[in-house]
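Quick look at what Swiss-Prot annotates:
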- 49-64: compositional bias 'Polar residues' (COMPBIAS)
- N57: N-linked glycosylation site (CARBOHYD)
- N87: N-linked glycosylation site (CARBOHYD)
- N100: N-linked glycosylation site (CARBOHYD)
- S85: phosphoserine (MOD_RES)
- 34-64: region 'Disordered' (REGION)
Amino acid sequence: FEDLKNCYSENEEYASAIDHLSLNQKSFYDTNYDPLHENRVDEPVSPNPYENSEESNFTLEDSSDSSAVVLTSAHGEVLKKRRLSLNQTMSNEDLEAIANDSEEEIIEPWSVPYSFQSNLKFKYQRSIKKGAVITDAMHQSLIRESNGQHLKAMHVVDRKHEVKFDIDGYVSTATRIRPVTLKISKTQLYVCAQEEGQPVLLKE
């Protein structure tokens, strides 16, 4: 009993000493203080559109061979889409991870002037990827239109409708630019650029 009393007395003295510390001093173990994450006035802060769960919700799309979890905004806009196998289960933590997952880097198109194209010759270097599936920032996949000459992007659940591409790389001794070609797998149809706003054209 005397030992316990002495320990209690020592704890009281320690607590009293702590109370006299300056409020401006931050403990090494104070998890609420992190100078590395302070917002500066001169640095813009990018809002995360997925942080407020009240503005978005999840839905489940089912098909005969696969399922997909779709995150939509309050206005019905599809923000993200993730495919699931039929036997895969989702927890609240999994849904939160999907919502907070940072977006993949969006590749911006760059058009080469026709005069530049005609002055250079490129030769085949290597195959970069076989059977690649290409999606946009909204996780829409490319499918072929009914006429077979154009591609369009849309959300699909049945993966057999997705177009798969072979990506090949080319080089030239006159420039460091290394262009690539997109060809539909198991065909001789190549993706050809058209004017802005026009559908993607396929040519042999």
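Every residue gets a Cβ built from N, Cα and C, even glycine.
Sequence-distant neighbours of N57 (N-linked glycosylation site) (same chain, six or more apart, CB under 8 Å from its CB) are L71, T72, A74, listed in sequence order. A strand conformation is recorded for N57 (N-linked glycosylation site) in the three-state DSSP classification.
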